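As given in TrEMBL:
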type	residues	note
ACT_SITE	D420	active site, 4-aspartylphosphate intermediate
BINDING	D420, K421, T422, E524, F566, K590, R619, T700, G701, D702, R782, K788, N811, D812	ATP binding site
COMPBIAS	1-14	compositional bias 'Basic and acidic residues'
COMPBIAS	47-64	compositional bias 'Polar residues'
TRANSMEM	92-114	transmembrane segment
TRANSMEM	126-144	transmembrane segment
TRANSMEM	335-351	transmembrane segment
TRANSMEM	357-376	transmembrane segment
TRANSMEM	869-889	transmembrane segment
TRANSMEM	895-917	transmembrane segment
TRANSMEM	947-967	transmembrane segment
TRANSMEM	973-990	transmembrane segment
TRANSMEM	1002-1023	transmembrane segment
TRANSMEM	1035-1053	transmembrane segment
Amino acid sequence: MPFSDNRVKQRSSDLEDEAPLIQNQHDDWVESSPASPVSPRRRRNIRSSASTTNVPSRNTTKAKSRTISFKVAEKLKDKFPANVVRNQKYNLITFFPLVFYQQFHIFINLYFLLVALSQFIPPLKIGYIITYLGPLCFVILVTMGKEAYDDWKRYKRDQENNSQKYQIMTTKGIKLVPSSKIRVGDLIIINKDQRIPADLILLRTTESSGACFIRTDQLDGETDWKLRLAVPYCQKLPSDESLLDINAEIYADSPQKDIHNFVGNFSKAVAEDIVPQVEALNVENTLWMNTVLASGTAIGFVIYTGKDTRAVMNTSHPETKVGLLDQEINRLSKILFLVTLLLSLLLIALNGFRGLWYIYLFRFLILFSSIIPIGLRVNLDMGKTVYGYQIMNDREIPDTIVRTSTIPEELGRIEYLLSDKTGTLTKNDMELKKLHMGTMAYNIDTMDEISNQLDAAFGKQQGKDVQRTSRTATSTILVGKSRRDMSSRIKDIVFALALCHNVSENALKSDDSEVTYQASSPDEVAIVKWTEHVGLTLVFRDINEMHLRTKHGDTFEFQILQIFPFTSETKRMGIIVKDKATDEIYFYEKGADVVMSRIVQYNDWLDEECGNMAREGLRTLVVARKKLSEEVYNDFSQRYHEAKVSLSDRKAQEQAVISTILENELELLGVTGVEDKLQDGVKTTLELLRNAGLKIWMLTGDKIETATCIAISSKLISRNQTIHQISKLQSIEDAHEELISLQTKGDFCLVIDGESLQIYMDHYQYEFIELAVELPVVVACRCSPTQKADITKLIKKFSNKRVCCIGDGGNDVSMIQAADVGVGIVGKEGKQASLAADFSVTQFSFLTKLLLWHGRNSYKRSAKLAQFVIHRGLIISVIQAVFSAIFYFAPIALYQGILIVGYSTVYTMAPVFSLVLDKDVREDIALQFPELYKDLIKGRSLSLKTFFQWLMISVYQGGAIMIMSIVLFEDEFINIVSISFTALILNELLMVALEINTWHRLMVLSEIITLAIYIVSMIFLPTYFDLTFILTETFVWKVLVITAISSLPLYIVKFLRRRYSPPSYLKLT
């Protein structure tokens, strides 16, 4: 009997919110621990079983909290999800249905499927079925092959993960099992550099302190190592094997996505009818799946497997982004279908709807099916691959990665750029520049004075030793002084900064007495480096102790009693330490001024100085402390432990205890100002992008003053722009008045804080965004990640323009994924933003070339390629229409079999596709004159206007080729196929040459080789080409005349247009 009834009474009160889940006998989970408020009889039945665990029923829809015994029965382990990693999109059953659905919901593919199927109906059959079925099958097979290959690679990765071997501790010894066989309740041994296979509670480590470090970059993208702590009771056991004998259980809350929070308890049964020993568990006691053990060896207890793990629950498959050009192509395809239908109806009408006209209508639709080019998507997709290759191999933007290959053209259509600040516009490379203590202030030029004052406080200046009764209490530092002097105040804040941080022990490396640091926040590294510079160095740190050393060799040892980590909710971090020499206990805390100003003692300078530093572009941290007596600390420790083991609203209860006992009337020590340096080339980049017509928004979590200063220093705000600030709006009426005042202003930059922005989002969404999208610059401060994503979606929805978001941290991921184009920077905050983005870069300045050069080329080339492929289908359909009209409107195919297939492949594909290498301007011109980008934003390269221009060209050329073939070869009409087809091929090769702005050697080769292939193929296709006729002089000159008539006028038009009305880019070359 592992637990007593007293345990039931104690824990049932903490589980009131879970009671409804437990009392219902038809619930998804059956609470089988004694914590359940069930009847005594029910408890006796449960105790008679071999284990105490929550068992999921078969109809489980959502997992609930669980209590798992260390001696859980094998059959109950099987009730939880299997620990199988599966990232495949398909299986053998779903592959074909899903792929076919994805392909045939595209209009072009669906149209050609219907055309191909119509060839199985005898009255509609025209030519060879392979002519219509072949191209469609080719496109579908290529897509299926790509999908199958990608899914096979996912399967192999899954198989590799699932088959990795792990050591499991059992009563029969250590067993080696694959990852997929790990179950809830297993004890797993994890070695250094080994991947964590499931979500575990850390029980023991090889470190005597019970600490270990994990790498979480594959889970949250952060590069710093995280400290994890073993369960104290288990760590104190004499051996690892003792874990198999203890009578204990672990309570874990329900599986959830949040990787930064966990609520659980470790309960050890002591004896019958005695309250069990309970230790609180939080995220520091966990090892999440897909993290890697970075130090030592650890033993973990499995609490979540498979789909219940944090890693799997956070694995999202964002929707495939579809570019604006692809949407425009899809719309044009529908217009082409209408053109096909109208052309077919026209021929039927001209024939007077005679006979079985509806049959003829369908035959004409099939004859003109080439108007809708099935090869268009294949050409565009191949072009995207080329653009991606060019971007990733550009030496001027090294290490750039294209993660979404379907939207490179979007880079040339961006109108709104939404950027993070820290780590994106700035380097996230911090340096402490200012220290203010109310009556004293120091900057980078006077830091040496702090070092001297610190020497005086330590009694080492000028070789003098002053008796020190306390290292941290300043009231007794200097004998005979009743007031605190300058030296002692400096010593207080330096000690506070040297102690109040979370630099990990593993990050301390001594090499020739040079110490380097690493922490989750660059602010902390900058501050600890500064304390080292002024004479107080961190030389040792583990979970229990911290040692500081002066430059004269004195070492101060402190015991770490409690740590309160920084979170985005609290915006502060604290630590309680005990001086081992004097037994004095101090609570140190540092944080944002907005929260610290309410915690510290009254003063009249904090808000003003924080504002001054923020206007200089410095990140401010307020530093304070409180001395605790032994009694006060013991009281706090007891109440804090009770809050930590609570299973109901644990975080709120913990914060309540901290606020009541610690966070009131803190002694204000000072304010630090840390500079975050601008990224290289940020000023030039922002100026170029602004000149290119982009409207730039800076979304940041920083305070208004800091963000405004960075916006000015980075040249985001131009010199002639005024700044209008909206902050701390209290009511809807205030928000409405601000809106009215904004409407009367001209060109200005809007700076707004998160609270005010939320009021507008909730009550004046339409009015606010209507005004904001017209502004050249908007700076939104104190923004949450959710607000960033909401703003992105709102701009997209309202403006219907392309939005690009760029960031470097995990808090930017939602914004990046919501954007039309997401750009992630690989920075000091890790790779999470980079991995979630469509494009990954290493510097903000790379945006210039990515948008102005690669974006320009991708969009212009794809637009030209798409229109030429459409023209290629239109011209051959016009030739067919003219042929049918001349010969009594008969729906008979002019070109059949190999000719119709070869026309869109070997005879024209290479020259047409070579257009993806074209350049309308030189790279230096595109970067020197960013105003050229404005033309791209307007989308003029592919529009209804250009579409109808190409339609008219196709009608003219198709009509000219067919009519001139009949006129010039009236006596050789039997050879009309070879005559008109040869003229058609030559015309297309000349049209490609006409469209090229900058010749590339591959373009020349494609033209020559394609012409050679066509000439040689004539020899091997006697069915279509009569060599005795083709080799005559008459054939040659007449075909050349036909080609000249169809193409020469377009050369003349192009010459006149460039001479008298050149495009903007030609004026610069």
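Cβ coordinates come from backbone N, Cα and C, glycine included.
Structure coloured by features recorded in TrEMBL.
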{"residue": "D420", "record": "active site, 4-aspartylphosphate intermediate", "Cβ within 10 Å": "28"}
{"residue": "T422", "record": "ATP binding site", "Cβ within 10 Å": "26"}
{"residue": "F566", "record": "ATP binding site", "Cβ within 10 Å": "19"}
{"residue": "R619", "record": "ATP binding site", "Cβ within 10 Å": "24"}
{"residue": "G701", "record": "ATP binding site", "Cβ within 10 Å": "22"}
{"residue": "R782", "record": "ATP binding site", "Cβ within 10 Å": "21"}
{"residue": "N811", "record": "ATP binding site", "Cβ within 10 Å": "20"}
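Between the transmembrane segment (126-144) and the transmembrane segment (895-917), the number of CB pairs under 8 angstroms, six or more residues apart, is three or more, so the stretches are in contact. The stretch from 92-114, 869-889, 895-917, 947-967, 973-990 that makes the most Cβ contacts under 8 Å with the transmembrane segment (357-376) is 869-889. Comparison of 335-351, 895-917, 947-967, 973-990, 1002-1023 by number of C-beta pairs under 8 angstroms to the transmembrane segment (869-889) places 947-967 first. Cα spacing between F566 (ATP binding site) and the residue listed as 'active site, 4-aspartylphosphate intermediate': 21 Å, rounded to the nearest whole number.
Taking residue pairs at least 6 apart in sequence, the transmembrane segment (1035-1053) and the transmembrane segment (973-990) share three or more C-beta contacts under 8 angstroms. Looking at R782 (ATP binding site) and D420 (active site, 4-aspartylphosphate intermediate), their Cα atoms lie 11 Å from each other.
Across the residues annotated as binding ATP (D420, K421, T422, E524, F566, K590, R619, T700, G701, D702, R782, K788, N811, D812), the widest Cα-Cα separation comes to 26 Å. Between the transmembrane segment (895-917) and the stretches 92-114, 335-351, 947-967, 1002-1023, it is 1002-1023 that has the most C-beta pairs under 8 angstroms. If one looks beyond the transmembrane segment (335-351) by at least 6 residues along the same chain, the residues whose Cβ comes under 8 Å of a Cβ in the stretch are 107, 111, 357, 360-361, 364-365, 368-369, 371-372, 870, 873-874, 877, 881, 884-885, 888-889, 947, 951. Here the C-alpha separation of R619 (ATP binding site) and the residue listed as 'active site, 4-aspartylphosphate intermediate' works out to 15 Å.
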